[in-house]
């Protein structure tokens, strides 16, 4: 009876745990790698926003993504 319990425990508990794929085993999808096909302006905007910096804009074109140079 003990041997049957060990066999059942092995196949019902340990075997599924061993075959379960954990989150750490998954490949990482990087945002920048997925965005390689962006044009340079969109890429620069993404990099600047990630760095927390804003670009300098000429006075009539100032908006929330940049600050006025003059």
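Indices start at 1 and increase along the chain as displayed.
Keep in mind that glycine also has a Cβ here, set from the backbone N, Cα and C atoms.
Listed features, source Swiss-Prot:
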DISULFID  56-68  disulfide bond
DISULFID  57-66  disulfide bond
DISULFID  62-69  disulfide bond
SIGNAL    1-24  signal peptide
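Counting Cβ atoms from all protein chains shown, residue 69 (disulfide bond) has 10 others lying within 10 Å of its own Cβ. Within 10 Å of the C-beta atom of residue 56 (disulfide bond) sit 10 other C-beta atoms, taking all shown protein chains into account.
Cα spacing between residue 68 (disulfide bond) and residue 57 (disulfide bond): 5 Å, rounded to the nearest whole number.
Reported as a whole number, the C-alpha separation between residue 69 (disulfide bond) and residue 57 (disulfide bond) equals 6 Å. There are 12 other CB atoms within 10 A of the CB of residue 68 (disulfide bond), with all protein chains counted. In the three-state DSSP scheme, residue 56 (disulfide bond) is classed as strand.
Between residue 66 (disulfide bond) and residue 56 (disulfide bond), the C-alpha separation comes to 5 Å. Cβ contacts within 10 Å of residue 62 (disulfide bond), excluding its own Cβ and spanning all protein chains shown: 14.
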